[in-house]
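As recorded in TrEMBL:
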type: COMPBIAS; residues: 179-188; note: compositional bias 'Low complexity'
type: DOMAIN; residues: 23-160; note: domain 'PPPDE'
type: REGION; residues: 176-197; note: region 'Disordered'
């Protein structure tokens, strides 16, 4: 079987155990460029990924602030990318509330201003989360280009440097996560004295919400 067929086969893996469907963990894979349709046959591509669990998808993207770059979005609908497939990674033993505490704690390790296309991208985040909650790594082909990064980074289109969160047109500050009341300020400036760890940034146009960071 060729490399391309292997990748296509891996991309078609879905869960079949209905009894554990609510605890099943999926890796949702997106194309960042139409060129993936050709490069995937050579064993690599430029992909965005997110971890789907308990009905939401979690990813990592860049912004200019030293606060959480971990965001949540409706599964298989991360804006700006073309959904390719979902891969079952197994099942987690955490309850929904336990997972929420876990992902909020993880957000302190993934600030938006630490994002790096080669060394700390969305696929590194997905792999880290997967290992921690299922004990399994994501498929190697998903982030293969980053592993060859020093050779290929100069060839990547400039548009790929702009990540999901940077594409958001406005930031809206929410004082309480899950509250109906919200400030509609669209300022992109953050004061060092602001209590940013208690805020969630939301763009109504894309429905991407940054996960509130909880210090460990």
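For all residues, glycine too, the Cβ spot is worked out from N, Cα and C.
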- Item | Three-state composition of the domain 'PPPDE' (23-160), taking helix and strand from DSSP | 56 helix, 38 strand, 44 coil
- Any idea what the model's mean pLDDT is for the domain 'PPPDE' (23-160)? 88
